[in-house]
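Written below as structure tokens is the structure these notes are about.
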Amino acid sequence: MKKTVRSLCSTALALTLGFTLLSGPASVQAAGNADYNLAGFSQGNTGGGIISESNTSTYKKVYNATDLALALKKNSGVKVVEIMNDLDLGWNEIPSAAQTSPFAKHNDALTHPVLKQTGVSKITVDGFNGLTIFSANGSKIKHAAITVKRSSNVIIRNLEFDELWEWDESTKGDYDKNDWDYITLEDSSGVWIDHCTFNKAYDGLVDSKKGTSGVTISWSTFKGDDGSANSWVTRQINELEANKASYPMYNYLRSSAVGLSKQDVIAISGPQKKGHLVGATSLESANANLSITLHHNLYKDIQDRMPRLRGGNAHAYNIIMDAADARSAQSRITSAMATAIASKGYKFGITSNGAISTESGAVLVEKSVIKDVQXPCTQQSDRSDQRHVHR
């Protein structure tokens, strides 16, 4: 079911005309191509500027974790970071020379067989004013979460982020333990994320909080897992299937009490749970400063938060929210199965929300396509408390 409605949140949503979108990482576009120029709340952002590769004090080519640690160290003076190849950045797979600021050990993996081996790193980009991180070839960053804090005039371009999800047993499917987001923006201004691809993650994909303003996310793809034979989710479910006794929630879903097949679990686990949280703390005074633009993005089987706004302003245009496969996966759970799952306190199913605005936040979604999203725009707070109502 495709929805093209004209009354959404506080303003309007209309059918996209002439929409084009990249399906994956793309080469950096030639300068002067107006279709790819910066627009939205991050207007005027120049990142690290135009710097010659020969200026090795401010232009760093990164081939490994140690190179990246040196380039992103606070007060490094680096302005442009070019990622030259795929980087595996889990805490257990980077050398000791890289196990220092800005790298830190993230929360331990508990269930995914790969992440239990590689570990997960947290990379903090702190105090930069003018920084570009990009790849000319669409390099992939795996097993790491990046936090940009107290920074301004930052560009992140043409990168792919992958392998940061695992099955959640510890909070019974609520995914409230590991706090792994690919990118978190904190107390920053002027951040442009462009031509990137974000695969399934444990928590959010790109979150913005602590009053971060002037954010634009453009020409990017956000997607769940496709459930193929060697996909990230399939590898996780294979581990659970082989060790059911160690995973009570999974074992229950597969038991006769519920009756889901292994393939059912893979399909239902595939869609990404959350997109963009904008404002992490309810009623925080800094939330009024939040501002974000989303344009020319594909959200493929994202269940929620496109975006989820607590105060401030968000503008989304020329985006596609396509939840067709997620809707199909949800149909695998019968009402009797849902009752059985809930009776044990487990959370396993598909949410279907689009844009959410509360706490006097305003979202404008226009010139976009929404397909098979049950609640294209909603408010998840108590309407009786006017502090939680959108503008």
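Keep in mind that glycine also has a Cβ here, set from the backbone N, Cα and C atoms.
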- [ ] Have a look through Asp176, Asp181, Asp225, Asp226 and flag the one Swiss-Prot assigns to the Ca(2+) site that Asp203, Asp207 belong to.
- [x] Asp181
TODO: Measure from the CA atom of Arg305 (active site) to the CA atom of Asp181 (Ca(2+) binding site) and give the result in Å, rounded to a whole number.
DONE: 13
Open item on the list: Using Cβ atoms only, which residues of the same chain lie under 8 Å from Arg305 (active site) while being at least 6 residues apart in sequence?
Closed with: Gly204, Lys274, Gly275, His276, Leu277, Asn353, Ile356
- [ ] Measure from the Cβ of Asp203 (Ca(2+) binding site) and count the other Cβ atoms within 10 Å, all protein chains considered.
- [x] 20
Task: Ca(2+) site shell beyond Asp181, Asp203, Asp207, criterion: Cβ within 8 Å of Cβ centroid - done: Ala145, Asp179, Trp180, Tyr182, Ile183, Thr184, Ala201, Gly204, Leu205, Val206, Lys274, Leu277
